[in-house]
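K.L.:
Please read through the structure below; I'll follow up with questions.
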Amino acid sequence: MMAYLVFLGPPGAGKGTYAKRLQEITGIPHISTGDIFRDIVKKENDELGKKIKEIMERGELVPDELVNEVVKRRLSEKDCERGFILDGYPRTVAQAEFLDDFLKNQNKELTAAVLFEVPEEVVVQRLTARRICPKCGRIYNLISLPPKEDELCDDCKVKLVQREDDKEETVRHRYKVYLEKTQPVIDYYDKKGILKRVDGTIGIDNVIAEVLKIVGWSDK
């Protein structure tokens, strides 16, 4: 089994959830660029991490060449030889082109770019219902993953909070930005003939089954 996948979709589409489930089924690693960046800036002796941390602390966007270098480093690790599921990258056409070149140099190519389509109102409903425990960081959803007691963490019994990012006005803004920024990447993969669209509202099991069909596997 080999597959080189990119997951695209708005915030709240469930990309990370689907990628983790597919990793469990296939053994192909879920590579979250958000996780990579959080890890790299914590490393005191990593020059690349120091550069990125300085840029982020200034509130600036990390340039493509540094993002590409971080991703290249991770994809060059042994566990990615049979494939990967990229979540959070590429965000620009330049990054998509870099990924193509990186794979081409290894005589590989992207299997598919999977676009999880979720309407704005569903994203708003999902994300505004998200709550987090301020003590342990556990994430809940008042609709799909509620705590046992009303708005209290199951573990800490502390009142759950809503992140600023998950307030309706912010969620709608993030969705708009996603459409503007990601459309060129969607168009890029569409022109290459490897864009696969999946309805992100049909439930986790059905979504996973659709992705397994796309890569030519069946969930047995």
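A Cβ is built for glycine as well, from the same backbone N, Cα and C atoms used for every other residue.
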K.L.:
Looking at 129-166, 167-204, which stretch does Swiss-Prot describe as region 'LID'?
P.N.:
129-166
K.L.:
If you measure every Cα to Cα pair among Thr33, Arg38, Glu60, Leu61, Val62, Gly88, Tyr89, Pro90, Arg91, Gln95, Arg163, Arg174, the residues listed for AMP, what is the largest value in Å?
P.N.:
29
K.L.:
Please report, as numbers and ranges, the same-chain residues at least 6 past the borders of the region 'NMP' (32-62) whose CB is under 8 Å from any CB of it.
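P.N.:
The answer is 16, 19, 69-71, 73-74, 86-89.
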K.L.:
Going along the chain, which residues at least six beyond the ends of the region 'LID' (129-166) come within the CB cut-off of under 8 Å?
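P.N.:
Residues packing against the region 'LID' (129-166) from afar: 174.
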K.L.:
In Å, rounded, how far does the Cα of Gly16 (ATP binding site) sit from the Cα of Tyr89 (AMP binding site)?
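P.N.:
With the alpha carbons as reference points, the distance is 12 Å.
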K.L.:
DSSP on Tyr140 (ATP binding site), three-state: which is it?
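P.N.:
In three-state terms, Tyr140 (ATP binding site) counts as strand.
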K.L.:
Using only C-alpha positions, which one of Arg91, Cys136, Cys153, Cys156, Arg163 is spatially nearest Gly12 (ATP binding site)? These are the binding-site residues in the record.
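P.N.:
Closest by Cα: Arg163.
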